[in-house]
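Going by TrEMBL, these are the annotated features:
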ACT_SITE  D102  active site
ACT_SITE  D104  active site
ACT_SITE  D256  active site
Amino acid sequence: MKVSDKDKLNLIKRYYKEYFRDAVKNRWLEVPEDIRHREIGYGYLKKVDNRNLSFNSEDEYLRWVLDRAPLHLYKSLAYMKYPSSVGGAQKKGIFRRELAFDIDVHGGKRCTHKDDGWLCNHCLEEGKNQVFTLIDEFLIPDFGLSKEDLRIVFSGNRGYHIYIKPRDGDIRDTIEHWSREERRCLIEYILGKNLNLNYVGSGWKRRILSAIKNKKLLAQLKRSNNWKSIIERKNEREKKRILNIIESVKNRLELDEKVMEDDIRLLRVIGSLHGYTGFIVKEVNYNSLEYFDPLRDAVYPKFNREYYNIKIKEKIDPLRIGDNLFTYKSREVPVSVILYLFGHSVNFEILE
Ligand SMILES: [Zn+2]
């Protein structure tokens, strides 16, 4: 006998519920700071079915999470006077906003999966490399931040959220009161959008120079900030080569600009589960990021203990969880795989 689709969703919900029970009890589920002024959003079959929720206390919020156990759970980056008001930033009375970057990798060059939405070591590794690029090549050297001023969170899928949380209260106050335009400037700087070759500032100079191998050119560019005049004296082939290098240095990061810019943007609650994968939205320490393996470390261990007999009814890309590789031929799979298949809308039957 097979489990019906409705029962399948109920089964999934049961595991989400079990997870949230543990996450709340052991306090690893994020309670957004100043919860009364934060908007909460959630989803089951869609990423966001509903938003504009707010809670009067930590207790009320946690009870709601335990009761509903959503597949997707979000908080607003902004602090609002009226978080449950519908209709844009004006109506919500935004008075402060957290700063966060969203690295969202779209299929690495070395990926072999046919499904763009699938996960493998390569795209996960690419996401991690971009975190290091953002932190080590921008946030620390150009903005004077240190590792302790940042929170790195695996998004539960193919990306990372990097929160800027300066320990210095004054600096934090300043940046969390930035306007949309000021946040826009920050993200444009990091994406190299306002890079001006007539005057290349020290940060971009350093980054681009480290990608140039030609010693003579390197010496020329090092001496001047006006690169345009140097490049214009080169022949066409050389000119193109240099501009290509600059372009590739600019394009190393896949950042969702809206997450930095939008006033009413929601971001996943740390410690919740990502409904597409069933993986934990998990904070990772900078020093252990190198060894962080999402397919092992972001999977809730309890989800690997219980197995189900299933039949996968379409050809899917292989999926590694921990040390185990699952394919469309797999018959016995743990709960973690069930959650992933369900989240990816794979056609499969659970056999009883
Ligand atoms: Zn991949």
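Glycine is no exception: its Cβ is also placed from the backbone N, Cα and C atoms.
For D256 (active site) paired with D104 (active site), the C-alpha to C-alpha distance reads 7 Å. Classification of D256 (active site) by DSSP places it in coil, neither helical nor stranded.
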